[in-house]
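Peer 1: Dumping the structure here so I can ask a few things about it.
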Amino acid sequence: MWWFYSGSYSCCKQLLLYYLTLLGSSYVISTYGPHQRAQMTGDILLGGLFPLHFGIASKDQDLAARPESTQCVRFNFRGFRWLQAMIFAIEEINNSSTLLPNITLGYRIFDTCNTVSKALEATLSFVAQNKIDSLNLDEFCNCTDHIPSTIAVVGAAGSAVSTAVANLLGLFYIPQISYASSSRLLSNKNQYKSFMRTIPTDEYQATAMADIIEYFQWNWVIAVASDDEYGRPGIEKFEKEMEERDICIHLNELISQYFEDHEIKALADRIENSTAKVIVVFASGPDVEPLIKEMVRRNITDRIWLASEAWAISSLVAKPEYLDVMAGTIGFALKAGRIPGFREFLRHVQPKKDSHNEFVREFWEETFNCYLEDSPRFQESENGSTSFRPLCSGEEDIASVETPYLDYKHLRISYNVYVAVYSIAQALQDILTCTPGRGLFANNSCADIKKMEAWQVPFSNCSEDCEPGTRKGIIDSMPTCCFECTECSDGEYSNHKDASVCAKCPNNSWSNGNHTFCFLKEVEFLSWTEPFGIALAICAVLGVVLTAFVIGVFVRFRNTPIVKATNRELSYVLLFSLICCFSSSLIFIGEPQDWTCRLRQPAFGVSFVLCISCILVKTNRVLLVFEAKIPTSLHRKWWGLNLQFLLVFLCTFVQVMICVVWLYNAPPSSYQNHDIDEIIFITCNEGSVMALGFLIGYTCILAAICFFFAFKSRKLPENFTEAKFITFSMLIFFIVWISFIPAYFSTYGKFVSAVEVIAILASSFGMLACIFFNKVYIILFKPSRNTIEEVRCSTAAHAFKVAAKATLKHSTTSRKKSGSLGGSSASTPSSSISVKTNGNDYDTASGKHRPRVSFGSGTVTLSLSFEESRRTKTCPQNVLHVSKQKCTLFLVLTFLFSVHLFPVGGVPKLMAPRLKVEFSDSPMEFHK
């Protein structure tokens, strides 16, 4: 590495060797390796990286031997013209009196040979020189030939090479401006902090390619890309564009100039056998050249090529012998620019005049296919190691030979190089004209242009840089260089400066407050561990415990009149169904799984239908018993226990069939709801809202029928039925489930399950409390009311009411009939029934009082007996009051039969609106 430091080598040898040892780098000089350079000293140095060769010679490396630098092959005339554009721009700036006056720009330009390894060798020289320069060695040694730091690098050409160079230069904040690297990956400022370019990214080119294919209505294409950072991202963007347009890619292949012959032939076979006639190639000229050669050899002419800008105008492909195969190629090219005076500059190049540019000698030899007299390759040809060429003088006319070097009609990459150099010069001009106190550095200070560091390229833009979390926004009526920074929308982010667009967060993520990154959304469901879930679970367990307690009470007191009067077998089934109702609410708690989603609604629906069916059958049975005047065999059959259970089964079976059809056609399943910004709700997709409506609707229909029968039987003896309480429970049921419908459809996430759990618990507690709590209270705390006499008393009172109504109805009908037969001459006096027990009506034989029943003017004596009560028994006040007598069912039935069997004078006289019953102690009245 002696060539790095010229005269400073002698005074700094030991220190330099030590530093390079730390770097771990070693170089071996070869014929045309990285030791070649174009160099001009100056106050400020610019670095340059250009592909002056298309590649390196293939060589098997011996891992046991010392590594050697590989040889670059195939001179690139266009790359040399790009290098000349940089030198021309620097000389033009140095000759300017307005731009950087009294400042001389120098340059150090290296050949990358279109490979990463050679580019890194050259880049290390920039970095090492800057490190040595920062040590201020002039104080310790007489370094007369001091080389300043490289403040910026122009290059490289290929995206793969620029990516590697940018990684290294970014560590030392050395600015890099590429003139031909278009990979979209290089736009990532977090990874490539100091990288800039004067060429647009490949995203626009990939979109344009897809637009062309769509325009010609092609839908079956082949995609080929170079296996590097240029081809892979470019073809990836192209594939996305094709997917959006529903265009199919038959083959998707990678290619490289270093492929073996059999790999190229295999690729050509696949292309030749494909039915797709359009080939889209996103590659560089050197990479695509082997494939083109093979296609020409096979004379495959029925293909249309779509070329990216990297090879569309490449001299490697634009050859007459390729015309038959490549005719009709559609290619992309960069916008050309004008460089005044550049044509003359190119024509006046000569080896003797341009001694500072070592690449001119090789250019001259390749242009005229000769060797200069003092050329190292001339000596190699004499030794037989290279092919023979004649000598050339160096005075030949460059215009007499046609090469890509003088193809200056459309300057594209050359113009990008020219602009890159001028952009650095403009930045230096801003530093030179900086006013102290208004600078960009610490305390608003300005940099010393003579001792400037590479990280000091000053701000000179229309708009401030957009920070991460924002994007560039267009300002109306302003140039594109002027923009406003717009904050990314919620759910979007940007993690680098000057982002053109904000990227959307994945479905399971959301943007943070600054919109600089995405974090995973919180997953929510009605959990067992949250307070709300715990409260609901406690209520459900409490319901199960209370229902189990009622079952225990009913089993313990199963032979008591209260339990018998409530149809204990159906009561057991009803209580079991309530346990199922409370238990079904627990399935709604916890993370929804497919099996829980399919189980919870059927479990709830079947449990509630079973419960309401039992209530319906109980209420209907008692109503039929008390409305029947004389029980018949048909009634006994209808009231049988087996038929009651059959009715319960049939009602429940309908609900079971609804659930089976639902689960078969549209089974519920768990799914993640991403509609809420920062939360993922795991809920159940019910599969069919209609099926859920049928399930709840059928339950409500049964509840309505049950409510009807309960309301109709509300005046029956309260010991025989819970009509009033059943009515209340059904009202609670309707209020809960009518409120549930709007609440269900207006809530979201875990609250949907919570609403249904609350509805299930509220209606279950309502039925449990209204139907059973009163009976449990009487059984446990009022045992005096749980007797057969209490039941008979309330039954007798109900019978008197029924008889009075029947008698009144019958007398009204008879009066209408008699009025129609006898006219106005007949009149019916008001009648009354009186039952009297006094001393005159005493049967000496039996020793008991004999009551007398009077029907109008006549009196009929009934054979009824009453036993004196040992203690006063009080029947319900709203029905009948009896003192010192027992109300018995025998009295009621005998009285009903006597009314119908003993009319006076053949005409019924029981037409009075008042029924009066008198005993010896005190009279009492029952009003109809």
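Glycine is treated like the rest: Cβ placed from N, Cα and C.
TrEMBL annotations: computationally assigned, not manually curated.
OK, TrEMBL features for this one:
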- 532-795: domain 'G-protein coupled receptors family 3 profile' (DOMAIN)
- 532-557: transmembrane segment (TRANSMEM)
- 569-590: transmembrane segment (TRANSMEM)
- 602-624: transmembrane segment (TRANSMEM)
- 645-664: transmembrane segment (TRANSMEM)
- 689-711: transmembrane segment (TRANSMEM)
- 723-745: transmembrane segment (TRANSMEM)
- 751-773: transmembrane segment (TRANSMEM)
- 811-850: region 'Disordered' (REGION)
- 823-836: compositional bias 'Low complexity' (COMPBIAS)
- 887-906: transmembrane segment (TRANSMEM)
Peer 1: Quickly jot the same-chain residues contacting the transmembrane segment (751-773) by Cβ under 8 Å, restricted to those at least six beyond its ends, or write none.
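Peer 2: Contacts with the transmembrane segment (751-773): 525-526, 532, 536, 539-540, 543, 546-547, 550, 571, 574-575, 578, 581-582, 584-585, 588-589, 592, 604, 608, 611, 615, 683-684, 722, 725-726, 728-729, 732-733, 736-737, 739-740, 743-744.
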Peer 1: Go through the chain and flag residues at least 6 beyond the ends of the transmembrane segment (689-711) whose CB is under 8 A from any CB in it; none is fine as an answer.
Peer 2: 601-602, 605, 608-609, 612-613, 615-616, 619-620, 623, 651, 654-655, 658-659, 661-662, 665-666, 723-724, 726-727, 730-731, 733-734, 737, 740
Peer 1: Who are the long-range neighbours of the transmembrane segment (602-624) in its own chain, taking Cβ under 8 Å and residues 6 or more past its ends?
Peer 2: 566-567, 570-571, 573-574, 577-578, 580-581, 583-585, 587, 635, 638-639, 644, 647-648, 651-652, 654-656, 658-659, 662-663, 695-696, 698-699, 702-703, 705-706, 709-710, 712-713, 716, 720-721, 723, 726, 729, 733, 756, 760, 763-764, 767, 771
Peer 1: Residues of the same chain, at least six outside the transmembrane segment (645-664), with any C-beta under 8 angstroms of its C-beta?
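Peer 2: Sequence-distant neighbours of the transmembrane segment (645-664): 569-570, 573, 598, 601-602, 605-606, 609-610, 612-614, 616-617, 687-688, 691-692, 694-695, 698-699, 702.
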Peer 1: Could you pull out which residues elsewhere in the chain have a CB under 8 Å from any CB of the transmembrane segment (532-557), counting only those six or more residues past its ends?
Peer 2: 526, 563, 568, 571-572, 575-576, 578-579, 581-583, 585-586, 589-590, 754, 757-758, 761, 764-765, 768, 772, 776, 779-780, 786
Peer 1: Note the mean pLDDT of the domain 'G-protein coupled receptors family 3 profile' (532-795), expressed as a whole number.
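Peer 2: Here the mean pLDDT over the domain 'G-protein coupled receptors family 3 profile' (532-795) amounts to 81.
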